[in-house]
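What follows is a set of notes on a single structure, which appears directly below.
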Amino acid sequence: MMRSHYCGQLNESLEGQEVTLCGWVHRRRDHGGVIFLDIRDREGLAQVVFDPDRAETFAKADRVRSEYVVRITGKVRPRPAGAVNPNMASGAIEVLGYELDVLNQAETPPFPLDEYSDVGEETRLRYRFIDLRRPEMAAKLKLRSSITSSIRRYLDENGFLDVETPILTRATPEGARDYLVPSRTHAGSFFALPQSPQLFKQLLMVAGFDRYYQIAKCFRDEDLRADRQPEFTQIDIETSFLDEADIMGITENMIRKLFKEVLDVEFGELPHMTFEEAMRRYGSDKPDLRIPLELVDVADQLKAVEFKVFSGPANDPKGRVAALRVPGAASMPRSQIDDYTRFVGIYGAKGLAYIKVNERAKGVEGLQSPIVKFIPKENLDVILDRVGAVDGDIVFFGADKAKIVSEALGALRIRLGHDLKLLTCEWAPLWVVDFPMFEENDDGSLSALHHPFTAPKCTPEELAANPAVALSRAYDMVLNGTELGGGSIRIHRKEMQQAVFRILGIDEAEQQEKFGFLLDALKYGAPPHGGLAFGLDRLVMLMTGASSIREVIAFPKTQSAACVMTQAPGAVDAKALRELHIRLREQPKAE
């Protein structure tokens, strides 16, 4: 081998030993006739010293520059007193170099590797192979590897089988757009890249592989946000003959073991919260429990007020009026309130009412707000008591359709928690359970809240009679306001699956066309089964403290779903298109 040690492995126990290092020149310094090279590899940095006594080697060291690839042999020795660097794993020692081979030269990188505050993300992605040399970027990918190793080890030890499922499959309605792949041998037909291995893992349960897992690539052609990529990685798990409590117990223990092994963080038993409670108290089905702010319903106190902004939603069965108390924030300037008003507008809110509680003992005179004149004093007192308002607080109000109020105040709660530094702890995991089976679309039709293969907590007859109130056997693990993973008990009887399809407007012909293979499988002794999938990229993002999943993926796409490094997607030649039976239409020019 070309090296004896990684740079980050060097320490005082190797004092006096000869070592050979391979890596990149991170930094070069010339101090009074002595040359120092900081050599970098994936494990860290090591300081190598060259003195003029070895003239040939010293001359080579004098010629090297940043990012040259080098091989160095030398002897480990303690650093002089006062020269120890506590910020480096190898900071107590240095290597006295006596052999230096330049394995390759390097041009000056397009950006410095020691700081990148002024480097645009597109430049970093264009030269990702250089960006990944940064110690902090390498650390994220190393942690990702540790995470997948821990998960594989746990699942292997618990009897799970790692089984691969197809990448080329057929399009099924799973919520997002599919990436389509034209078939050369079947003219006019297309494969789809899988949005998840959902149906294949269910078929593996029918086949008798009762504990399956896969670290799977998934693909969704959707609009991108900070936590989305067109291709992403899923920790996919499915089991037979286990109920919700069993599956949640196995996967919860996996996550607790993972955090202990990788970050030395211990979680207690995860609390459970229903979907209804999460939406009511936090305005989100993935609540961030680190933030000690809650939404409080006050519609009952505002039904009779003349202020239609409040009384309208308060009397609407589909409306909601909720309050959000922020302790000690009554001094918030109007400009900040206006900023928050614009913020909730993103979620459909038409405004943001507020009351500043300056001195409650003075009654209405001690309140600062444009809305108190519309609310009778007795109702106002009930509202302020209910939210726990005291002097120095500000109370925000949302009034609209329930969905808009929950989403707007829920998002405001998160924003306030971070802006005002209200977080009470570093980690707050929980399970959210008892999700609705369906959600109502704007046209009144129903769509599956999770996916159409989730089992309901009722019979097919009860489901058909009142689908809008049916609850599902679904469960999500949430951490710090982010959905880590979601799963459910699946439908394993054909009649129930067809009942769900009918509610979703999928008739018999479409059922057979798109899901005939699944319905066939359910006829041949499908066992009770269920599972869960974790988003690996999100998990790594949280565990590394990264701001985006692009920071924890080796070669991510941009927010426009492109790779600026390889220039993908790109054009293909006419011959390849003909073989695929595809003809491109010229796009009309914009006037």
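Backbone N, Cα and C define each Cβ position, glycine as well.
Look at Swiss-Prot and you will find GLU174, ARG220, HIS450, ARG490 tagged as L-aspartate binding site. HIS450 (L-aspartate binding site) has a Cβ environment of 20 other Cβ atoms inside 10 Å.
Of all Cβ atoms in the shown protein chains, 14 besides its own fall within 10 Å of the Cβ of GLU222 (ATP binding site). As annotated by Swiss-Prot, ATP binding site applies to ARG220, ASP221, GLU222, GLN229, GLU483, GLY535, LEU536, ASP537, ARG538, with the evidence given as sequence analysis.
Swiss-Prot lists 198-201 with the feature region 'Aspartate'. Listed as Cβ neighbours of the region 'Aspartate' (198-201) (distance under 8 Å, sequence separation of 6 or more from its ends, same chain) are residues 165-166, 169, 172, 174, 212, 214, 236, 238, 451, 453, 515, 517-518, 531.
Among the features that Swiss-Prot reports, site 'Important for tRNA non-discrimination' is placed at HIS31 (among others), with the record citing sequence analysis. All protein chains included, HIS31 (site 'Important for tRNA non-discrimination') registers 8 other Cβ atoms within 10 Å of its own Cβ.
Annotation comment: Swiss-Prot describes GLY82 (among others) as site 'Important for tRNA non-discrimination', evidence class sequence analysis. Around GLY82 (site 'Important for tRNA non-discrimination'), a 10 Å sphere centred on its CB holds 5 further CB atoms from the protein chains shown. According to its DSSP assignment, GLY82 (site 'Important for tRNA non-discrimination') is coil.
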Among the recorded positions listed as HIS31, GLY82, ARG538, the Cα nearest the Cα of ARG220 (L-aspartate binding site) belongs to ARG538
When the Cα of GLU222 (ATP binding site) is compared with the Cα of each of the recorded positions HIS31, GLY82, ARG490, which one is closest? ARG490
Cα of HIS450 (L-aspartate binding site) to Cα of GLU483 (ATP binding site): how many Å, rounded? 13
Which residues in the same chain, at least 6 apart in sequence, have a Cβ under 8 Å from the Cβ of GLU483 (ATP binding site)? LYS286, ASP476, MET477, GLY535, ARG538
Give the distance between the Cα atoms of HIS31 (site 'Important for tRNA non-discrimination') and ARG490 (L-aspartate binding site), rounded to the nearest whole Å. 68
Simplified DSSP label at ARG220 (L-aspartate binding site) comes out coil
Can you tell me how spread out the ATP site is, meaning the largest CA to CA distance among ARG220, ASP221, GLU222, GLN229, GLU483, GLY535, LEU536, ASP537, ARG538, in Å? 20
Determine the most Cβ-crowded residue among the binding-site residues ARG220, ARG490, ARG538, using a 10 Å radius around each Cβ and all protein chains in the structure. ARG490
